[in-house]
Structure formats: C-alpha cells, structure tokens
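S.K.: Residues annotated as transmembrane segment in TrEMBL: B:15-35, B:79-99, B:111-131, B:143-166, B:187-209, B:245-266. Taken from TrEMBL, the feature domain 'ABC transmembrane type-1' applies to B:75-266.
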Amino acid sequence: MKRKLLVTLLTTAMTISMLAGCGSTASTEATTPAADTAAEETAAPAEETADAADSTASTDPVTLKVFSNLPDRKNGQGLIEQMVIDEYLAANPNVTIEVEALDEEAYKTKFKAYAMDGMPDVVSIWGQPSFLDDVLNAGVLAELNEADYADYGFVSGSLDGFKKDGKLYGLPRNTDIMAFYYNQKMFEDNGWKVPATYDELLALADDINAAGIVPVAMDGGDGWPMAIYLTDLIVKINGTHGDIVSEAIANADFANPVFKQATELFAQSAQAGLFQTGYDSQDYATAMNLFTNGQAAMFYMGSWESSMALNQDISEDIRTNIRAFTMPVVDGGKGKATDIAAWNGGGYAVSASSEVKEEAIKFLNYLYQPDKLSKYGWENGVGMSAQDQTAYMSGSETELQKQFMDILNNATSVSGTPINDCGPSVFKTVMESEIQNASNGTTSAEDFLTSIGNACK
Amino acid sequence: MKEKKTIGSAVKRTFLWVILIAVAVVQVFPLIWLLDFSLASSNEMFTTGLLIIPKKIQWGNYVKAFVDGHFLLYLKNSILINGLAVLLVIFISIMAAFACKRMKWKLAGAVKTLLLIGMMIPIHATLLPNYKIYNAIDLTDTIWALLIPYVAFSLPQGLFLMTSFLEAVPVELEEAAVVDGCGIYRIVFGIVTPLLKPSIATVAIMTFLNNWNEFIMASTYLSSPKWKTLPFSVLEFTGQYSSNYAVQFAVMSLTAAPAVIVYILLNKHITKGVAMGAVKG
Amino acid sequence: MQKLYSNKLVIFSLVLPGLLVFLFAILAPICLSVYYGFTSYSGMGQAEWIGWENYKTLLRDANFGRSLTNSLLLAIGFIFIQHPIAIIVAAVLDKLQGKAEGVFRCIYFIPNVISVAVIAYLWKFIYNPDFGLLNNALRALGYQGKINWFSNDTAIWSVLVVLIWHGFGWGMLIYYTGIKNIDPVLYEAASIDGADQVSTFLRITLPLMKPVIQVNVTMAIISALKQMETVYLLTNGGPGNSTQFAANYLYQQAFKAFRYGYGNAIGVVFIIICLLVTVFLNKIFADRQPA
C-alpha cells in the first residue's frame, strides 16, 4: 500500500515539466503517464547490455577518458558514477576507463582549458547558458541522436537546456531543488519551528544565534549558492523567475524593482547574522561540515546533497535527523510556498574530437540506462534524477528523499535555471564575485545590479 | 658596580630568549596543531581548546592519506621532476655562464642579459600561452610540460649565481689546461665544474626550493595521475574527503613531511647554500 | 688560447641549450600573449582581432587596479613588518652562541620548505571563525566573539600574515648571513668606545647591512607583485575581489570567464609592470651604491 502511494506520488511529480532554459515560464502539463513506460524501460536495458557484450567481444582495447566533477568517489553521486563505471568495465573487458575528477569550481576552470584543444572523451557539463553557450558555439561536444533516448524516461523538458538549434548535445543527470536542510532533533530540542514566512526565518535565526549556534551554513566563498538564494527570493517576491531574468539579461538592465528588493532582503538577512561568520570566504565543504557536525542548525544547498542522510562519515544522530524545507514565503510577495527554485542542471556529454567517439557514446548511453545512474542514485538516496524513477520505489527511501519528492510533487511552478547561470559566462563570473560584496554591504544593491547589468553588454 | 652589570645582562639575556622563543612558537605551533588534529577523529575538530588529546589515536587517517593520496607515486614524481630540473639547470647554466664569462665574443654581454631577463618575467603570465603551445605540440600531461617551465624559470637565477662564482675561479688553471691540449668541453666539465661544487650545491638548493612547491602549472598542464606531483595529494583530498577534516590534516602532514625531514637532516648545508646564494644575489 | 676561446661553433654549442629554453619557454609564450591580447578569443573557436579594445577595458577595470594596490599593500607589509622583525631576530640570534643558535635557525626556516598547498589549506583552518586555531586562541585569552578574518576589509591583511609567516625564515636567514659577514673588529671597536648593544646595532649593523636590505626589499616587492599561489588557494581573490592579484585575475578571466584574449592582455601589462619595477629598483639602488 505504501509503495503504491509513493509510486503515484512520484508519477505525478514527474508530470511537472522541468524547465532547463531561462526564457519560458513553468507550467504544469501532462506528459505520458510514467507508469506505462516503466515496464518497457526495464526491458530495454537488458537488450542493450546484451548488445554491448556482443559488439565488444571481438574489439580491440579502448581507453575512455572520463572527466568528472565528482571527486568524492565514496559517497553520493561520485559513488554512483563509479559503480556504473565499474559495471561497464566488468561487462566490457576490452575497455579501460581513466577518471579525472575535480570539484566543481576547479572542474569548470579545467574544462575551459580543455575546451581550447581536445577534451577527454566523456565529460560532465551543465545544461545552462552560462556554461553551455560558449561550449556549443565552439562545437566541442558531439551531437547525440535524440531518438535513441525515447524510452529512457527523461522528464519532459529536461533535455531542452542541452540543445542548440534543435540538436541534442548532452543529457541531464539530476533534477535539482534548492532547500534549507535542517537538523530536526536540534529544532525539537530547542523548541524551534520550521518557518512559514521569511520574517519567521529571520526571527528563528535570532533565536538560534542566541543559543550560540550558527543558523544557516552558507557556502558563500563560491558565489553560486548565494546567487541561487537570490533566485529563490525572486521567485517568492515575483511569483516567476525565468521571464524577468532573461528579459533583464537581454536588455542588460536590472532596473526591475524585484531585483532590488530581493538583493536588499538578501543583504539584510546576511548582515543580520543569518549565516555563519565569514560565510563569504568559506567554501562548500566548510559550510557543509558546520552543519553535519552540529555546529549549524541549517544548511542552504541543493537536493543533490540529500545523500547526507546515508553518509557514514556523518555521525548517526545527525544524519538520521536531517530534513529539508524550501524558501519560506516573503511578506507581500506573489510567490506561493509551492513556487520553488528547481531546475535540471548537471549532466554528461561526449567530446566531438574524441578518437573513440562510438565507444564514448555507448558508455554515455549505458550510464543513462534507467537501471544505472538513475536507479542507483535513487537507491542510494542521492536525489532525483532527470529520469522516471517510479520503478525503483521501495518504500525504504530516506525521509529526505520522500520530502524532496513531496516538494516536487506539490510544486505549482519551478524557477528554471538559477539567475547566475542564465547569462554569458562573463555575467556569471561578475555576479558570483559581486554578490559577495552586495551581501556583506560593501556595495549597495543598486551598484550590484548596475555592475551585473554591465556584464551582460 | 660590577654586580649591577651582570644583573643587567641577565635581564637582557632573558629578554633575548623570550623574543627567540616567541618567534619560534609562532613559526612552529600551527604545525604542531596540524599534527595533533591529524591523529584525532574528524568531529573532535570542533573544540574550543587549542590542542587536544585524541580519544583514540587515529592512525587510520594516515593510512587513508597514504593510499588514497597516491603518496608514493606523487612523491616519486616530485623527486624525479625536481631532480631532473636541477640537473638540467646546473648543466645548462654552467655552459652558458662559461660561454658568457670566459669566452671571447661580441655578443656575450647581450646574450647574458637576455637570459637573465627571465628573472623579471612573472611565471604566471606564461600560463595561458604555454598551455596553448603545449597543447598544440602534445606536451600536456607529459613530464615535459613541467620540466620545461621549471628549468626555464630557474635558469636565470642559476646563470646569475654561476657567473658570479665563476669570477672567483682562477683563469690560470684553464691556461694550464689549454697548454696541455685540452678542448673547451674538457675544460668546462673536467676542470671548471669540479671547482664550482659549492655553487652547484647552492643552485641545486635554490632550484629545488623554487619548484618543489609549485602546483599551478602542474594543475593546469597535467590531467592524469601519471606525472602529478606531491601538492596534488592535498589538492585532490579536499574534494575526495571533503567531509573528513582529520584525514585532510593527515594528508597535509604527510605531504609536508618529506621536505621537512630532509631539511632537518641537511639543515646546515641548506642554510649555507641559501646564504651563499643570497649574498651573491 | 685566444683562438680556442673565440671558436664560434663552440660558443654557440655552449649557449644553445640556454637560448632554446629561453626562446621556447619565455619568449614564444610572450609573443603569443601579445597576439591573443589583441583578440576577443574566448578560449574556444575562432580568435577575432579587436585591436586595443582589451587594453582600453583594462584601463577601466577596477579589479585590475585593486590587484596592483594589493601588491603594493603586500610589499609595504613585507618591508615594514616582516623585514624589521627579521632583522631584529637575526641580530638577536647572532648574539647567541653554540647549539641553540642552530636550533632556532632551523626552526624558523621550517615553514619555508612546506608546500604552499599545505600552507594555504592549513591557514584556511587556522582562520576559521567557528573552530579555527586563531579564534580558539583568542577565546583562551578571554575574547568571546567570533572574528571574521576574511571580511572585505581584513582579508588582505590575513593573506599578508600567512605570507609573512611562510617567508619569514628566508628573509631572516639572509639578514643573519649579512650580519655574520660583518667584520667582528668593528664590534670590538664599538665596545671599546663604550657603545651599548642597541646603539651598536643602529650605528654599525644596520648601515653595513644596507646592500643586503636593498636586495631583500627588491625581492619583497617582486614577490608581492608575482603573488598568486597562496591567494589562489586561500581566498581565490575573494570576498568580492578584495584579495585579487594580477596573476590570479588573469587566470580567472581566461579560464573562468571565457576571456582568454583579455587574460592575455592582462598578462602582457603584468609583464611590462614587472620589468619596469625591476629596472627601476635596480636603478635607484645602483645609483646609491657607490656613495
């Protein structure tokens, strides 16, 4: 009974069209009932594996270079990626796979260096203008045949961000939702409640600070989580996100009062002590460790970190008590609690200049067989893939997974690509460094908006 | 009168010791702190104390650091690349120094100045174009991608030191060798080089210290673990073990260890080498 | 002899390796940089010639200005904080005899042989407001607040402290050697004249150390200009470019913002600045030396 309920929930969840691009506004539309296709999909992989075994039995040794943004190969998504690679190697003894993995910022830097001349065969990419526009213009990614993926169960709309002129160049790995992770036990012990409005969040932060604990651990050393925070606030203030952001970027003008309001609200929160001391210079791991070691009550990060609940490095009384809530509503804002910051971001692609392109695409397709990345990801609590995962519901999911599923299921709209990734890479670079100044009060909201506007020209 | 003076000098002496010890503590305490927490478990980091006695000594941290940090491979690479760079710098700089200092030709001064200009060029400004060049001729991810710039940017200093040391080598020895019928190459490598021994040590130490710690070029030009150097153990670990601080501390201690141990063992020679280089420089 | 020593072929063979290394690893990349500095090359695809456009942008680029100001601050910090301490410690160490002298000298130099990668990460932990060594030390002394060592205003000084700490042994050692090379006869003369230690230091040691100080000051300014590695790992120029340095900035522009052409333009200006500063410093010190 419980399983059936979950299946239904997830099926509905998947009917929400996820937006990858920035231009269009999210809407709820019906797609092919996922339950029907589920049966076909489970059949498909078996055939393909057989094919793979046939075709490789007699071939020469092949070395595939995989460049990944998941350096932690023992937890979360990196573990899943490694599991599928190991399986592929076992099924294709003639293949050797060399993985080079760097964390996100270092990855993106190195990716651009690679993009100049010759890339590894299979690479992590982001289906977002800031990253992909330049990459596709340079023609460094191989075109994929969209028809190949008809029965892979990709969520409707999730491929859009990976296309240029109707041609497909990459596949999405995740459906990402931004949220506040919180320590439920700590909340209960102190009598704190999940805030329903933004004012409540700020009041809660004061209480938590008074108890000598950090309210929200924020990875502010990298600018992007703060940019997503801004996206979250824009959604809550304006009701929609993609439309006004793409307009502002196209016109290089962020004069729309929504931006000013969101920026000021963000800066006020930061200066009122919502985040840890020195948040604007601390990195991802530092922020996360504050939370996972009980030094912070909350952690603002994406649903891809829901595998925290199963990470053995985190002490049990903390990891089993991690829950999540999305950005609370802002007073007078048009956005409802169910209008959320979510998008399809990261994924994989194949290098156009790869000397073993065929093998690389074969490996890519293997990764995306619904019973590989997507299934293992679900079973290991990593978060939601961009594919239909209903077939793998077991009822033994972590509370966090169920929560995220509910959030997605109940969503009335999604933001699409976060603001920093909607413009060219110059815009992204300027925004991610200037938002630090705006948050800590070094520059005013107006100056911040002027400078990111100038970066679009 | 005399007694007062001894009291005064005792106070003075104590004062000197206080200064010396205070500076020593500042220089070394962070390293002790590093070592201390590298033996604890990760959640013991979150203490308000300065140092802790770990509940249980976690040698496992070092095992992880040693194995997953590719310690031996990267150490071997570091030693090999730096060793080769030192040899090349010494070899090339002795030849060039001899040619510019002793040989008689019009352009000697100009060539020397040209080669010394390298000392003023900021090494990082060549990162972008060099990446392009190495890519074009397939040198990225090979040992040459590191050797070439390491040699190029240590050479000017080497040449500078070699020329100034060469001045102190008496010309008479060479003259005698010429009379005996030696060729120039014999003179350079058979007669002058052995006389330059102390300066060779200095150049070797300076070159080694310059390049041992380098990682920006290494992380730009290399991609596979094959030639990665010791700093990569640390760089890669912060991602791999992002949620385990104690292991990160262990890998930091481990990568720092070889250089520190070698330094403590050879400290007299290294100090002398650096000092000689400094006085000439 | 004369003939042997002017054999063109032999000369050529001796300087060839050095010249090749110079041409290939220094001159060629600089030429390439000059070329790309005139293009809008993003790092991929085709390079488009845009003339002086990058340099015009650079003139108005506040972050590049900030990089140079930061280098200046760093140089000032080295010269007025690190070097005075180093000279005093060197002078004090010189008074010490026997084993202790060697032990201290060894201890002071240890951070110098440790990789920047380790140093930068270590100090990231030391500076952490929630569990770092520095705030814990302050707490032990009775201060209860959390200090943010990397705020926009303090970050550059925090970087300076790390660099001073890391490079202290080197500077100290050079001064120490300089002091050791001073003829002891001069000290004897001073003590016969009845000068105390402080005035001996001021009147004899310091003036005689002038050439050493000049070398050290030159090195400090150059290394402040060329700073990249520590900052790259410690703050990566943040928060909000407040600890930006030229080398780090050009790297970011080229590989992060897809502005390879612009990055190279920064590189070219950066090289010119370094050359000018070095020549200038050599000139003023050379002028004074004979006098």
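We number each residue from 1, going along the chain as drawn.
Glycine is treated like the rest: Cβ placed from N, Cα and C.
As the structure is a computational prediction, the values presented were derived from the model and not from experiment.
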S.K.: Three or more CB pairs closer than 8 Å, sequence separation of 6 or more: does that hold for the transmembrane segment (B:187-209) against the transmembrane segment (B:111-131)?
M.R.: no
S.K.: Is the transmembrane segment (B:245-266) packed against any residues at least 6 beyond its ends, judged by a Cβ distance under 8 Å, and which are they?
M.R.: 31, 34-35, 37-42, 44-45, 58, 61-62, 64-66, 69, 71, 75, 212, 230-231, 233-234, 237-238
S.K.: Can you work out whether the transmembrane segment (B:143-166) touches the transmembrane segment (B:15-35), with the criterion being 3+ CB pairs under 8 Å where the paired residues are 6 or more apart along the chain?
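M.R.: Counting Cβ pairs under 8 Å, fewer than 3, so no.
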S.K.: Which sequence-distant residues neighbour the transmembrane segment (B:111-131)? Criterion: at least 6 residues beyond either end, Cβ under 8 Å.
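M.R.: Same-chain contacts beyond the ends: 96, 99-100, 140, 149, 152-153, 155-157, 159-160, 163, 216-217, 220-221.
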S.K.: What residues in the same chain, six or more past the boundaries of the transmembrane segment (B:15-35), come closer than 8 Å to it by Cβ-Cβ distance?
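M.R.: For the transmembrane segment (B:15-35), the nonlocal Cβ contacts are 50-51, 249, 252-253, 256.
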